[in-house]
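Q: Could you have a look at this structure, given as structure tokens, before my questions?
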Amino acid sequence: MRSVGLIPNIQKDQVAEITSRMYKILSEHDIDVYLTHEGADLIGTESAGVSSDVMGEVAEMIIILGGDGTILKAAREYAPYDIPLLGINLGKMGFLAEIEANEVMAYLESLLTGNYTIEERMMLDATVLRDRKEITTFSALNDVIIAKGPFSRIIEVETKVGGNYLETYPGDGLIVTSPTGSTGYSFSAGGPIISSNLEVMMITPICPHLMHNRSVIISSDEVVTAKMKTNYAVVVLTVDGQQGFTLQDGDEIKVKKSNYKTKLVKLRRRSFYQLLNEKLTGGQEV
């Protein structure tokens, strides 16, 4: 490995110390280290700061120091560059991070010697059509969410799968999630958890009315079409909980499997189910 990008979330505790230490060790091993401009300013190495475009072109791996939100942002931003991402958890839950902040030094040798594997995660593409014209497209690692605005009024979302009518969901909205996103908002909305090595999509209604409260798991080869049937409420499309777009009555959102994949660096021999146990129960048998 000849070059590494470091993306620290400068709002997190300990981030300056850990970033500085990693920069020093990687540089001592003759690895070219690039940082975001704000990351470079944080540790006083302004000359190492580059734009995201440059980092995508020169880095062979990107190390992210932050929480799941920081990793999600990097996954979308660097998906076109096909670069493996290593997450170091400085947040709370950390489903996407591979190691915790206090484990960095223990696993650094494995990273330097190439003793790791790469796990690919399916991503989603969401396209908004207005008057049958495409007006914007987003990529997501976790989920695409259609949700009502601040007022307590039910919205209706007509949903089709592969062009076939499925259901018109009355409620607070709809979630289309990847397996990776099944442990996020969809899980909180009552959806099941899907193993991360599967390539499927899941549709989960948000606070649905009466008998509409079941998730539907579909093939990743299908296209989900969700159409707004509401003209009296603010409805927003949210991508990975980070990007938003205001929808209008009659807008269609088409969600499908993306051509991009997120590549996650795996340093630990830990199955998805072991990770699940650690995050949900603290690693205890209950």
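Placed from the backbone N, Cα and C atoms, the Cβ positions cover glycine too.
Predicted, not measured: the structure shown is a model, and the values here were computed from it.
Positions annotated as NAD(+) binding site by Swiss-Prot: ASP68, GLY69, LYS73, ASN142, ASP143, ARG153, ASP172, THR183, GLY184, TYR185, SER186, PHE187, SER188, GLN242. Residues or ranges marked as active site, proton acceptor in Swiss-Prot: ASP68.
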Q: In whole Å, could you give the widest CA to CA gap in the NAD(+) site formed by ASP68, GLY69, LYS73, ASN142, ASP143, ARG153, ASP172, THR183, GLY184, TYR185, SER186, PHE187, SER188, GLN242?
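A: It comes out at 31 Å between the most distant Cα atoms.
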Q: With every protein chain in view, how many other Cβ atoms are within 10 Å of the Cβ of LYS73 (NAD(+) binding site)?
A: 18
Q: Using other CB atoms within 10 angstroms as the count, which residue among the binding-site residues ASP68, ASP143, ASP172 scores least?
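A: Result for the binding-site residues ASP68, ASP143, ASP172: minimum number of other Cβ atoms within 10 Å at ASP172.
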Q: Give the number of CB atoms, excluding that of SER188 (NAD(+) binding site) itself, located within 10 Å of its CB.
A: 11
Q: When you tally the Cβ atoms that lie within 10 Å of each candidate's Cβ, which of the binding-site residues (GLY184, SER186) has the highest tally?
A: SER186
Q: For GLY184 (NAD(+) binding site), just give me the three-state DSSP call.
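A: Assignment for GLY184 (NAD(+) binding site) reads coil.
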Q: What three-state class does DSSP give ASP143 (NAD(+) binding site)?
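A: Going by the DSSP assignment, ASP143 (NAD(+) binding site) falls within a strand, counted as strand.
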